[in-house]
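J.: Before I ask anything, let me first share the structure, which is written out below as structure tokens.
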Amino acid sequence: MASESTPPSIPLPLAPPLSIPVLGLGVFQSTKTHSSVLSALSSGYRHLDTAQIYYNESATGAAVTEFLAKTPSVSRSDIFICSKLWEVDLTLPGMPPDFESIAHPPPNGSGAWKITVAKLGSTSYTKEGAVDGFNRSLEAMGPGIDYIDLYLLHNPRPGPTARLQAWLGLQEIVKAGKAKAIGVSNWSKRHIEELIANGEVDITPAVNQIEFHPWCQHKALVEYCQEKGIVVVAYSPLTQGTRLKDPVILDIAAKYGKTAAQVVLRWCLQRGVVIIPKSDKEERIKENSELWGWELAGEDMDRITALDEGISGKSGEWDPDAWE
Ligand SMILES: NC(=O)c1ccc[n+]([C@@H]2O[C@H](COP(=O)([O-])OP(=O)(O)OC[C@H]3O[C@@H](n4cnc5c(N)ncnc54)[C@H](OP(=O)(O)O)[C@@H]3O)[C@@H](O)[C@H]2O)c1
């Protein structure tokens, strides 16, 4: 385990020689991306998770560039940036101009937000659309960022033909050196198997980013990915803040003198997944990074693992198996 200030990385076996830091900052629904990214980088985070649909690739890229300019001891290659292709080109006429236009907070003030994006006839999940979409993401990050470490297809929703074509576009981006690795998000085992069985596919997804936390463990999918060398990245690892008062978690937190969030994040790490918790609060960003130098004992891991509710325990909207 690394020192307290240096979160470790693990190799992406399907994208050598690249490693992915096991702790990243997620910026979905961030209302102050620039300062949160700076806080995270100052707290030792070296991985950032953005997406076209978050409308904050530019704030993320600008914050990384600013941090690098004032921190000569850290270079671009020390920082791992992930972004994701949305299934429609958000720059097309008629598309929502900003995140506020598509995101609707939950009625009772806590829990998952609802994201609505009008469907257009055209999808960016074509070979050319994926290349264009990637180029838009890279450009949005500003002149200080000239490659993206990891680029994902955000979801499998557009269907098998579109998924394959978009993947063939992403393969070209890797071969052109503009992305170091490519992967998928919200994909089921079936989606991955179908993709890699295709003769035109010569790069296997390096990661599958899925919802993952004690109440939604996707056990079979995680096992499948880990057997294949596909790194699982856990999104909403803190259940969007909704389950942190669980009595089992609070009991274990008291035993270790840690917070509920730290216990949940530490459990995720010990399950061998990468975590990307989101926070806009400087003290929580730091709290969520204090995960080294201690570990949960097997019996406590088991108590948390027993909290699994399967897909009904998800805090977000998406079930990978629900898509064609
Ligand atoms: N691929 C996908 O489809 C997908 C879907 C969802 C998310 N993601 C990625 O995963 C990242 C994380 O997921 P998420 O944002 O959905 O949820 P999350 O990280 O599970 O939870 C974030 C929520 O928890 C609160 N929080 C953070 N740290 C806390 C702490 N120590 N104690 C108590 N509350 C805390 C945050 O509030 P404050 O900000 O006020 O601290 C925020 O409301 C996203 O930002 C995004 O990058 C990807």
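Note: Cβ is positioned from N, Cα and C throughout, glycine not excepted.
These came from TrEMBL, pasted as-is:
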- Tyr54: active site, proton donor (ACT_SITE)
- His154: substrate binding site (BINDING)
- 37-308: domain 'NADP-dependent oxidoreductase' (DOMAIN)
- Lys84: site 'Lowers pKa of active site Tyr' (SITE)
J.: When you measure from the Cβ of Tyr54 (active site, proton donor), how many other Cβ atoms are you left with inside 10 Å?
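T.: Other Cβ atoms found within 10 Å: 23.
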J.: Please report how many Å separate the Cα atom of Lys84 (site 'Lowers pKa of active site Tyr') from that of His154 (substrate binding site), as a whole number.
T.: 5
J.: Rounded to an integer, what is the Cα-Cα distance in Å between His154 (substrate binding site) and the residue listed as 'active site, proton donor'?
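T.: His154 (substrate binding site) to the residue listed as 'active site, proton donor', Cα-Cα distance: 11 Å.
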J.: Average pLDDT across the domain 'NADP-dependent oxidoreductase' (37-308)?
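T.: Summarising the domain 'NADP-dependent oxidoreductase' (37-308) by its mean pLDDT gives 94.
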